[in-house]
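Worksheet: one structure, shown below.
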Amino acid sequence: MGAPPKTAQNLSFVLEGIHKVKFEDRPIPQLRDAHDVLVDVRFTGICGSDVHYWEHGSIGQFVVKDPMVLGHESSGVISKVGSAVTTLKVGDHVAMEPGIPCRRCEPCKEGKYNLCEKMAFAATPPYDGTLAKYYVLPEDFCYKLPENINLQEAAVMEPLSVAVHIVKQANVAPGQSVVVFGAGPVGLLCCAVARAFGSPKVIAVDIQKGRLEFAKKYAATAIFEPSKVSALENAERIVNENDLGRGADIVIDASGAEPSVHTGIHVLRPGGTYVQGGMGRNEITFPIMAACTKELNVRGSFRYGSGDYKLAVNLVASGKVSVKELITGVVSFEDAEQAFHEVKAGKGIKTLIAGVDV
């Protein structure tokens, strides 16, 4: 990959094909609506989906057919506002919600805009992402930051919003026990949000010792490394070692791994709640007998919806959730591809790419 142009107006990090990226100077995007704002992007976190597109060129039905700007976990500074904008001004620091729904379909009108079939989501084909100098969003999808949240932390609001949505789907209430499978960024944030929602017992489960050690220091009250035994045996150990009685109240899977799904179902008490937040293979086997006989509440969770981003910002602003510990590396925009290699190699927790000229 060549060096970025020296005089670029809107330098962008573009995926052309599998493991084929380039820097490209693109036109500065124009405001499409009177309520739009132009954001000078300052920091962008790298998500597993970004790496998946870089490695495979597709995720399920979403296939990169034309060159696409990567990135969707971003923060920035307002550079220009539309004529009808009333809540933001030039110079405001914001967290950027990267998916714009149609606002007219039934899911949108029901407040479930994350299920909008016409969602224009950053770095999801055919829509360009946020790894550019400038990006346009509606004003109500930019969240003004209080003074105690910096722009690096603001780039973590996107995965935090994913975790907020998962925990809300689980209806976590004070006093309930929660077991979280997967101690990657979203799983770790689920632990933190569950604690903020009042759970006194949050157990993180993962196969990587380093991730578990981080989870224990960060937000989990206990950790568990599965053995190479059956899902039922691992589930029994989790229950017994953590005094969960008849089982956990809530299980969240943030891994997408089939063994985690099986173990999670067996960990739950009768009448417990299971939420699938991690995505793995399209189809897996599922312990349907246990789910039926225990009358489990089984739910999915996808991205984030109404109020999730705002709550994410409020949780950090109030000190109930901290995200700065998750930021384990920052690279310059010119070294953007390095961040993808680091994430693929499993280095650190959350790597950020600084914006152009930052």
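Glycine is no exception: its Cβ is also placed from the backbone N, Cα and C atoms.
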Point to revise | One of Cys47, Cys102 listed by Swiss-Prot as binding Zn(2+) at the site of His72, Glu73 | key: Cys47
Exercise for review: Would you count the other CB atoms within 10 A of the CB of Glu73 (Zn(2+) binding site), including those on all shown protein chains?
Suggested key: 32
**Study point:** Under 8 Å by Cβ from Pro185 (NAD(+) binding site), counting only residues of that chain that are 6 or more apart
**Key:** Val156, Pro159, Leu326, Ile349, Lys350
Point to revise | Other CB atoms, at most 10 A from the CB of His72 (Zn(2+) binding site) | key: 25
Practice item. Provide, as an integer number of angstrom, the distance between the C-alpha atoms of Cys47 (Zn(2+) binding site) and Ala183 (NAD(+) binding site). Key: 14
**Study point:** C-alpha spacing of His72 (Zn(2+) binding site) relative to Gly182 (NAD(+) binding site), in angstrom
**Key:** 22
Revision key, fill the gap. Should one count Cβ atoms within 10 Å of each candidate's Cβ, the binding-site residues Cys47, Ala183, Val186 would be headed by Ala183
